[in-house]
Amino acid sequence: MRFFTRLLLSVLFCTCASAGAAPASEDGYDLWLRYRALPAAEAARLAPHARAIVAPATTSPMLDAAIGELQRGVGGWLGTAPARTDEVRAGAIVLAMPATRGATAAWFDGLGQEGYRVLRTRLEGQSVTVIAANTDRGLLYGSFAYLRGIATDGAQKAPDLRSTPRLPLRLLNHWDDLNRHVERGYAGASIWHWWNLPDILDQRYTDYARANASLGINGAVLNNVNAKPDILTAPFIAKAAALANVLRPYGIKVYLSVRWSTPLELKATATADPLDPAVAAWWRAKSDELYAAIPDFGGFLVKANSEGQPGPHDYHRSHAEGANMLARAVAPHGGIVMWRAFVYSEDKPTDRARQAFDQFTPLDGQFDKNVIVQVKNGPIDFQPREPVHPLFGAMPRTPLLMEFQITKEYLGFSTHLAYLGTMFEETLRTDLRPGIGAGGQAATVTRVLDGTLDHGQATGMAGVANIGTDRNWSGSHFDQANWYVFGRLAWNPEAGAEAIAREWAAQTFSRAPRVVDTVSAMMMASREAVVDYMTPLGLHHVMGTGHHHGPAPWVDNLARPDWNPVYYHRADKAGIGFDRTAHGKGGSGSAGQYAPALARLYEDPASTPENLLLWFHHLPWTYTTRSGRPLWDELVHRYDAGVTAVAAMQKQWDSLAPYIDPQRHADTAQRLKVQHREALWWRDASIAYFQSINGLPLPAGARAPAQSLDDYKALKFPYPPGNG
Ligand code: BDP
């Protein structure tokens with residue numbers, strides 16, 4: 001079809017849509033890269049500036065990917081994809097590198113290897129849109145940024161963008177098993193079809209890569225941290241190599257999780273002792289084999305001596321000795337080792353929240369250069385709210401990588417709407433040395449990651465993926481936003497959760513201000529609502545055993561004390577909360593692991609942020625909180641606030657029915673309904689339990705739980721997703 005006929009059709013279509021017809025149904029597969037036909041006025045603004053794509057004559061897979069995406073995007077919006085040419089002409093989009101004829105040197109200033117500049121300017125006398133970068137990778141990211149700009153602003157302004165990533169490692173961690181089960185996955189099976197690989201390549205692999213490249217995500221750990229030895233056998237290396245070939249044009253490197261005892265279990269060595277020469281030689285040879293198959297292989301991720309996984313401690317060697325042995329195997333190829341700090345011991349009776357710090361800080365300075373210690377955002381385990389992990393800022397001679405969990409293991413799976421941007425941002429913005437940066441730059445977690453705090457090496461962020469075979473990738477439409485915000489914050493940790501929510505909403509649903517305002521308002525309040533109805537005031541780990549679905553604060557019979565909710569909330573007749581103040585005051589001492597200025601805040605209930613009160617303190621039920629309410633009343637008040645907030649989200653979403661396509665609107669409405677029911681359940685079961693402990697009456701006006709405590713305790717959940 002000729003361009004103008006198409007344009008006319010899209011004009012007609014869009015006029016109908018704005019005249020009141022409901023938007024056409026969508027299944028969410030396209031994520032935020034929807035490129036639906038633009039309304040007439042917007043198409044008319046864009047068309048004269050997107051007539052062709054001018055690209056360097058030398059081609060590369062990444063350059064082709066960039067051009068392919070520009071053609072797909074502009075083609076979707078206007079009806080005709082701009083052709084590729086090597087001649088500059090008026091109204092073209094020019095992909096420029098420093099060698100491009102007529103290019104201005106200043107365009108490339110400070111862009112480094114990954115940055116881009118997008119601007120409307122003149123080249124060879126013609127008015128053009130330039131996407132400039134020093135590398136084809138920069139052009140890929142610049143092309144996506146150009147498309148995002150139009151998707152969010154409707155081509156109102158001439159593009160003028162410049163960005164470089166703040167962190168070099170922007171990685172997804174897939175907890176995907178080789179049988180396609182996804183540990184803590186709530187969006188179907190693993191997208192990696194290991195059985196069919198390497199011969200059969202699913203279109204999803206390419207679309208996954210496009211989505212990641214649009215955010216700047218540049219690495220993927222393909223398999224679960226609870227790894228099997230098989231991943232390092234020749235057939236699986238060939239499968240991983242096939243995936244690497246699909247992901248490479250989108251700038252994504254492949255990494256693998258490895259099991260410490262692999263050579264022993266594959267019967268190639270008699271031990272897995274890192275200091276045994278045969279073990280080191282095996283890992284060197286295996287690395288050579290990996291790099292022969294995947295020349296740009298990223299490296300290894302290791303969960304060792306954690307939750308029953310083998311590790312160097314089995315041979316009385318330290319984490320550093322173990323990590324360094326692996327690091328030396330990949331170093332000749334430029335690979336890295338990401339060694340996880342998620343450890344807590346089976347036989348130590350000390351507070352679990354302090355164990356990683358206790359084990360790792362003595363090792364600061366002992367790791368090889370290409371080892372990065374990967375630390376979860378908080379010291380326990382991805383709870384709805386945790387304080388920052390005390391290791392950040394405490395290992396000045398060791399690069400630390402942030403591990404966030406995008407999949408919502410503890411925040412309602414993919415049923416509850418919880419935007420994690422605010423949670424990630426809360427961690428990244430935490431000032432590790434409050435007061436000390438006064439007048440200067442605060443000692444934020446971001447600055448640990450970008451290396452400026454201790455003048456170390458810039459690292460990055462890893463996000464435990466929420467991606468699966470569900471048609472919409474993430475289980476729910478709103479969970480796509482958590483993948484999105486992770487990627488955007490990994491690129492720029494200071495981009496702002498709200499700004500990111502708004503741009504996601506505009507691309508995913510509609511640019512209409514009413515939609516963007518309402519959707520982003522829902523998102524911004526959503527995580528706090530979950531905290532309120534699940535774990536208010538610093539409570540944590542009070543969810544159901546194993547699957548982590550629903551409330552179970554009463555559980556006290558698990559093998560290890562620190563698996564039991566009662567270990568964490570410590571409620572008794574007199575009070576509630578975990579005393580983590582100094583030993584001298586009777587606490588576990590973990591507040592003292594923070595830098596002195598932060599530790600001082602946490603040592604005193606009066607200066608502890610109220611949202612972490614019961615994380616750090618055991619307080620009487622009568623303790624006066626900042627609202628003036630006694631602690632018990634405040635707790636009940638928070639549970640109620642959480643439920644009320646979900647009801648408010650339902651109303652907000654209902655009000656958007658005319659603006660959102662029926663399929664995605666109905667799906668989200670159903671989930672919100674379940675969320676409301678489950679928020680009430682959390683509230684009622686928690687109140688019923690704590691009341692059975694403290695024997696206090698409910699605060700005036702508070703509604704009694706709908707059922708008895710025994711009813712809540714009796715609930716069973718066979719076959720939960722993501723577990724086992
Ligand atoms: C916990 C999960 C468990 C993971 C573990 C980890 O419950 O499935 O294996 O973390 O991070 O959150 O290793």
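Placed from the backbone N, Cα and C atoms, the Cβ positions cover glycine too.
In TrEMBL, annotation is done automatically, which means it is predicted and not curated.
Remark: GLU307 (active site, proton donor) has ASN226 as non-local neighbours, by Cβ distance under 8 Å and separation of at least 6 in sequence. Positions annotated as active site, proton donor by TrEMBL: GLU307.
Look at TrEMBL and you will find ASP381 (among others) tagged as active site, proton acceptor. Look at ASP381 (active site, proton acceptor): DSSP puts it in coil. Within 10 Å of the C-beta of ASP381 (active site, proton acceptor) we count 19 further C-beta atoms, all protein chains included.
In the three-state DSSP scheme, GLU409 (active site, proton acceptor) is classed as coil. Summarising the annotation, TrEMBL assigns active site, proton acceptor to GLU409 (among others).
If you look up TrEMBL, you'll see 31-146 marked as domain 'Alpha glucuronidase N-terminal'.
Annotation source TrEMBL lists domain 'Glycosyl hydrolase family 67 catalytic' at 157-473.
Summarising the annotation, TrEMBL assigns domain 'Glycosyl hydrolase family 67 C-terminal' to 475-701.
What TrEMBL lists as signal peptide is 1-21.
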In the predicted model, what is the mean pLDDT computed over the domain 'Glycosyl hydrolase family 67 C-terminal' (475-701)?
97
Cβ-Cβ neighbours of GLU409 (active site, proton acceptor) (radius 10 Å):
24
List the helix, strand and coil residue totals of the domain 'Alpha glucuronidase N-terminal' (31-146) as derived from DSSP.
43 helix, 26 strand, 47 coil
